[in-house]
Amino acid sequence: MADHFSHDHKVDSSPTRSPESHTPEEMSIGEYARTRLSTLKPPMHKAPNPITLLRMLNTKQWLFFLCGFVAWTWDAFDFFTVSLTVEDLAEEFDKTTTDITWGITLVLMLRSVGSIAFGLAADRYGRKWPFVINNLLFIVLELGTGFCQTYNQFLACRALFGIAMGGLYGNAAATALEDCPEEARGLISGMLQQGYAFGYLLATAFARGLVNTTSHGWRPLFWFGAGPPVLIIIFRLCLPETAAYQEREAIRQERGNIGSTFIAEGKVALKRHWLLLIYLVLLMAGFNFMSHGSQDLYPTMLKNQYNFSPNAVTVTQVVANLGAISGGTVIGYCSQIFGRRFSIIFICVIGGALLYPYTFTSSKAVIAAAFFEQFCVQGAWGVIPIHLMELSPGSFRTFVVGTSYQLGNLASSASSTIESTIGSQFPLPPKGHTKRYKYGLVMCIFMGCVYAYVIVLTFIGPEYLRRSFDVAHDSDVSEAVGHNTIESSMKKIHEREAMGMGMSDADRADIEEVEKGTAHGTERV
């Protein structure tokens with residue numbers, strides 16, 4: 001089982017660190033199972049001041065993070081443009097609300113297609129140009145949606161948009177985190193993931209200012225959505241490839257045939273990690289059920305069951321998103337101290353305990369419960385970008401991160417439908433002609449099951465805390481191309497950079513350690 005799940009890695013956190021060994025050892029299912037509890041023990045790494053962690057990033061690393069964060073934020077903005085204009089679109093195209101929500105469903109269904117296509121492209125050809133093409137599609141398809149004249153045109157644009165949206169997450173995560181200092185990864189991961197909540201807040205604000213404030217109705221929101229990707233593209237064009245990708249590209253060039261080397265790496269990754277890939281999809285299904293199950297039907301519950309006004313619903317949603325942004329950042333930071341798995345499990349337990357006030361409070365006091373519940377939900381999510389990056393095979397990091405996330409999203413896309421359907425079995429006294437249901441009861445039970453699922457999946461899964469992303473530490477690449485190829489390539493990089501082409505003293509020291517074969521750090525099985 002080890003060649004698929006491998007084992008849990010912990011690396012020495014001293015300032016001078018050499019690569020840990022990633023050579024997997026054979027383990028029986030029983031042996032692996034016995035390690036799940038012992039490896040859950042928090043490592044209790046030193047907790048540096050968050051400001052100190054942020055200062056660890058150099059200018060280029062900050063630019064990479066900001067590029068990934070802004071792109072992920074605008075990905076969310078573009079997605080919510082439909083959610084925030086459903087009634088206007090239904091009136092425009094003379095369709096029901098359910099008909100319009102097919103535009104949302106198509107996006108969710110086709111995201112995985114985009115994650116596969118753009119993920120493989122980013123791992124093969126680099127992060128930059130697939131990212132640029134991705135954002136070009138955002139521009140074209142958001143503009144196209146704004147100019148749609150028929151319902152079929154609308155569905156076609158949103159279906160294509162789903163492909164574009166699916167391709168961005170893995171690339172944004174790789175761009176933002178690949179070169180990030182190991183000590184700061186947890187905090188930066190939490191900050192990155194909350195770009196989605198920030199995008200929702202921006203979409204809400206701009207919808208208030210742009211929808212039905214001109215003679216063009218809902219269309220200006222989509223036209224505006226096509227603008228910022230132009231700036232994002234310019235931003236990305238001004239940045240190079242990540243150093244982690246450049247190292248992999250150098251090794252492929254050293255071997256002489258880039259395409260065949262990429263295929264060889266893929267065969268090794270599939271052979272050694274196929275079970276891990278399945279696990280990641282199952283884990284991401286649980287996480288997406290957790291976010292969709294706690295969020296999608298919540299405004300309906302507040303309005304239908306507890307008779308909240310539209311303004312009260314909006315305020316509650318905004319406060320919940322502020323909780324989400326706070327939680328993702330805080331728990332992402334904590335995961336660097338207590339470990340990824342322990343942090344996820346702990347915050348899921350707290351989130352489960354808060355389900356009752358979150359779904360059964362009928363007064364405005366529910367705002368506090370909404371803040372802390374979404375703090376927990378998105379707190380767990382804040383760990384995910386770096387957790388997926390550390391678990392993914394290095395040569396296919398963008399593909400695995402994006403595809404596991406989007407396939408999990410596809411599996412959970414029916415969350416609100418499931419809750420709504422079950423909720424209809426628990427009617428309440430109607431208010432006038434409006435039928436009312438106990439959505440809170442259903443959401444509480446549904447989310448309780450989801451939390452239990454995520455806790456169990458996280459418990460049985462692996463963790464490669466602070467795993468090095470350097471190619472010299474990647475046993476998959478070593479098996480695919482041979483140690484001599486890696487050594488020769490790293491030596492050439494060392495020589496070229498040592499001649500004044502930009503390598504820092506710390507980078508030179510790291511490569512010297514690799515060449516000497518030194519390795520600090522320990523493994524947990």
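Each Cβ is built from the backbone N, Cα and C atoms, and glycine gets one as well.
Here is what TrEMBL records for this protein:
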- 1-12: compositional bias 'Basic and acidic residues' (COMPBIAS)
- 1-27: region 'Disordered' (REGION)
- 62-80: transmembrane segment (TRANSMEM)
- 64-465: domain 'Major facilitator superfamily (MFS) profile' (DOMAIN)
- 100-122: transmembrane segment (TRANSMEM)
- 129-147: transmembrane segment (TRANSMEM)
- 153-174: transmembrane segment (TRANSMEM)
- 195-215: transmembrane segment (TRANSMEM)
- 221-239: transmembrane segment (TRANSMEM)
- 274-292: transmembrane segment (TRANSMEM)
- 312-335: transmembrane segment (TRANSMEM)
- 342-359: transmembrane segment (TRANSMEM)
- 439-460: transmembrane segment (TRANSMEM)
Tertiary contacts of the transmembrane segment (62-80), as residues 6+ beyond its ends and Cβ separation under 8 Å: 107, 131, 135, 138, 142, 161, 165, 168-169, 171-180, 188, 191-192, 195-200, 202-204, 206, 225, 228-229, 232, 235-236, 239, 242
Winner by Cβ pairs under 8 Å against the transmembrane segment (342-359), considering only 129-147, 153-174, 274-292, 312-335, 439-460: 439-460
Outside the transmembrane segment (129-147), six or more residues from its ends: residues with CB under 8 Å to it: 71, 74-75, 78, 81-82, 118, 121-122, 153-154, 157-158, 160-161, 163-165, 167-168, 171-172, 175, 219-223, 225-226, 229-230, 232-233, 236-237
Residue numbers, six or more beyond the limits of the transmembrane segment (195-215), whose CB comes under 8 Å of its CB atoms: 69-70, 72-77, 79-81, 83-85, 88, 172, 221, 224, 314, 317-318, 321, 324-325, 328, 378
Same-chain residues near the transmembrane segment (221-239), Cβ under 8 Å, at least 6 residues beyond its ends: 60, 63-64, 66-67, 70-71, 74, 77-78, 81, 84-85, 128, 131-132, 135-136, 138-140, 142-143, 145-146, 206-207, 210-211
